[in-house]
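Asks: Among the features that TrEMBL reports, domain 'Amino acid transporter transmembrane' is placed at 33-402. Residues or ranges marked as transmembrane segment by TrEMBL: 62-81, 124-148, 214-235, 255-276, 319-339, 345-365, 377-403.
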Amino acid sequence: MQLPGGSRCFDDDGRLKRTGTVWTASAHIITAGSGRNYTYMDAVRSNLGGFKAKLCGLVQYLNLYGVSIGCTIASSISMMATSRLNCFHDKGEKNPCHANSTPYMIAFGIVEIILSQIPDFDQLLWLSILAAVMSFTYSTIGLGLGVAKVAETGKFRGSLTGISIGTVTETQKMWRSFQALGDVAFVYSYSIILIEIQDTIKSPPSEAKTMKKATLIIVAVTTLFYMLCGCFGYAAFGDMSPGNLLTGFSFYNPFWLVDIANAAIVIHLVGAYQVYCQPLFEFIEKYATGWFPDSQFIKKDIKVPIPGFKSYKLNLFRLVWRTIFVIITTVISMLLPFFNDVVGLVGALGFWPLTVYFPVEMYIVQEKIPKWSTKWLCLQILSFACLIITIAAAAGSVAGVVLNLKSYEPFSTAY
């Protein structure tokens, strides 16, 4: 239903009034690493038809689930790094200070079970802003430590061609190079929930204009930060650069600065988990309501009084299914705690279909670009080239997982 001009409570499409701005959209994008359509699937359905919309939904939601696993693994690595760092400073550098990722993943999962009861995307703003601040905090600390390390040694380690043959074999270097492509793609995976973020933005001005501005700001800023962190991190550690840059500063003083950075990573990932999972939560709950329209278990909210605040509406279906979701995610993370490999695989699998193929095909339809025209051919060449990159990145990540599985024992000491 269209409401001309909207009202004080509703937008012109009949839905509750949006309050998002370029800054709130930017916060969501940073936290996520990022006709009127409310979801990615809706956009594909309106431009490319039902079959491709279902295919898009399958890939998108599987990818969002993969991101939740990546967040869980990454958070445990940062928490273990903090534990080992404090152990080294208490017991000395010769103590092995082994750490097990399992209890940290369980702790992360418990926090996510609680936060997953936030009903929808619109109510995540405070968490996104906090996570965005944390992102800049650990990036700034990581960059500063990298610069300090280079200044301390007085030289740039590593080389322009990357890790040396001898440290790894030629085959391993090839797979790692492919995996790195997936890692880079993962950094910008916010694009798979871009439309969901755009749906939180108020208008006027148009949501599209606000989203373009937010995207331009954040892509420029995050690219600058990540490039500097990556370059100085490699210059500081060379061939021994760790997957998590901050774990390389285990003996750095003041060590509490590294602790702060690792804590910031964990807080950021807590928010990122929710930002990525909310579209998946909403999708399942929307279809569950459609399948069982008369189910009180699915529809009924129980008011839980909270002293000093308005009552919280507890939905039993949301409580049960989201809790099961987080538990399964946590268990899978415990079984496959290989951060770089999992992140690379998730980034690779989502890159071509969601970031390139569907947007290119929708653009062709919207602009009515003739088949076999020069512009059409250029877009198809771009899409095919990105498909090759996705295949290579996925292959590199799978090779990494297979290699790690040969020596890995589930639920054992991680390092």
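Just so you know, glycine gets a Cβ as well, placed from its N, Cα and C.
What TrEMBL says about a protein is an automatic prediction, not a curated fact.
Explain the structural surroundings of these features, please.
Replies: Long-range contacts of the transmembrane segment (319-339) within the same chain, counting only residues at least 6 positions beyond its ends with a Cβ under 8 Å from a Cβ of the stretch, are 65, 68-70, 72-74, 76-77, 101-102, 105-106, 108-109, 112-113, 116-117, 243-244, 277, 281, 284-285, 288, 400-401, 404, 408, 410-411, 414.
The list of residues near the transmembrane segment (345-365) in space but at least 6 beyond its ends in sequence, with Cβ under 8 angstroms from a Cβ of it, reads 40, 43-44, 47-48, 52, 56, 59-60, 62-63, 66-67, 69-70, 181-189, 191-192, 376, 379-380, 382-383, 386-387, 389-390, 393-394, 396-398, 401.
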Asks: Which residues of the chain, 6 or more past the ends of the transmembrane segment (62-81), have a CB below 8 A from one of its CBs?
Replies: 99-101, 104-105, 107-109, 112, 186, 189, 192-193, 243-244, 246-247, 250, 258, 262-263, 265-266, 269-270, 272-273, 276-277, 279-280, 329-330, 332-333, 336-339, 342-343, 345-346, 349-350, 354, 414-415
